[in-house]
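K.L.:
First the structure, then my questions, so here it is.
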Amino acid sequence: MIFADAHLHITDLAFWRPLSDGQDISPVCSCAHSEDEWNRLLRVAENYPGLVLRSAGVHPQNPDKKHMAFVLGALEKNEADAIGETGFDLYSDEFSSRVKEQEEVWALQLEAAQRYEKPMVIHCRRALDRIFRDAKKLAKLKSVVFHSFAGSDTEALSLIKRGVNAHFSFGKPLLNGNKRALRCAAHLPFDLLLAETDAPWQTLKGETATDPADIKKVYEKIASLRGENPAAVCERLYKNFKNAYGLV
């Protein structure tokens with residue numbers, strides 16, 4: 001089966017390779033947020049052609065404008081499959097104190113996503129109002145992936161109604177009993193869903209890191225919520241993965 005992982009961080013992992021037990025495979029989209037991370041991601045991707053999509057972005061937790069240089073360079077060379085993760089993080093006072101910088105690099109990446117016709121991967125914590133503010137601009141993009149979407153199913157559908165070609169990705173919060181994530185994964189139209197691990201981040205209690213192989217647990221949870229056969233869920237979410245990242 002194909003367990004597509006819509007979002008993780010290969011360069012933050014001590015080791016990564018695709019699932020290789022039996023016939024299971026795991027195409028992924030991995031983000032990089034500095035020139036060093038980007039170069040390391042390129043080297044990994046070269047070893048697994050067709051399995052590692054590469055996303056370059058300035059993360060809202062470190063919204064330093066200098067990182068735009070590597071993002072634009074990757075786009076100019078057509079090395080990047082997507083832009084991100086980018087967006088807003090107002091979860092803590094530390095992150096909120098840099099909201100002006102977040103706004104600046106967000107605007108630059110939004111413009112770049114439209115100019116280079118690339119999907120955008122969005123990180124959004126306690127800032128969904130800013131996403132709705134820019135819905136008209138997002139509607140001009142090729143596609144938008146909401147990594148670990150924290151909104152409600154109503155808010156997700158509202159973005160779709162505003163013309164945003166969005167997919168909503170869910171991961172370990174499903175295993176942690178997050179009510180909003182569970183409701184979205186259970187009730188949103190199937191063609192809007194993606195699965196992710198965010199490895200090595202978003203750990204459960206007692207874990208020190210998220211294993212990329214946990215993607216199977218996420219798929220099993222979605223299958224249970226939807227009352228679907230796991231193989232059918234794999235097939236449908238792989239189709240969504242390809243649609244979201246422009247592979248079809």
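For all residues, glycine too, the Cβ spot is worked out from N, Cα and C.
All TrEMBL annotations are machine predictions without curation.
TrEMBL lists these features:
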type    : residues                  : note
BINDING : His7, His9, Glu85, Asp198 : divalent metal cation 1 binding site
BINDING : His123, His147            : divalent metal cation 2 binding site
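Have a look at these and tell me how they're positioned relative to everything else.
P.N.:
Within 10 Å of the C-beta of Glu85 (divalent metal cation 1 binding site) we count 30 further C-beta atoms, all protein chains included.
In the three-state DSSP scheme, His123 (divalent metal cation 2 binding site) falls into the strand class.
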K.L.:
Please report the DSSP secondary structure of His7 (divalent metal cation 1 binding site), reduced to three states.
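P.N.:
The three-state answer is strand.
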K.L.:
State the Cα to Cα distance, in Å, between His7 (divalent metal cation 1 binding site) and His147 (divalent metal cation 2 binding site), rounded to an integer.
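P.N.:
That comes out at 7 Å between the alpha carbons.
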K.L.:
10 Å Cβ neighbour count around Asp198 (divalent metal cation 1 binding site)?
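P.N.:
The answer is 25 other Cβ atoms.
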K.L.:
Around the divalent metal cation 1 site recorded as His7, His9, Glu85, Asp198, what other same-chain residues have a C-beta within 8 angstroms of the site's C-beta center?
P.N.:
Leu8, Ser30, Cys31, Val121, His123, His147, Ser148, Glu196, Trp201
K.L.:
Can you count the other CB atoms that lie within 10 A of the CB of His123 (divalent metal cation 2 binding site)?
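P.N.:
For His123 (divalent metal cation 2 binding site), the count of other Cβ atoms within 10 Å is 22.
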K.L.:
Given the binding-site residues His9, Glu85, Asp198, tell me which ones have a C-alpha lying within 10 Å of the C-alpha of His123 (divalent metal cation 2 binding site).
P.N.:
Glu85
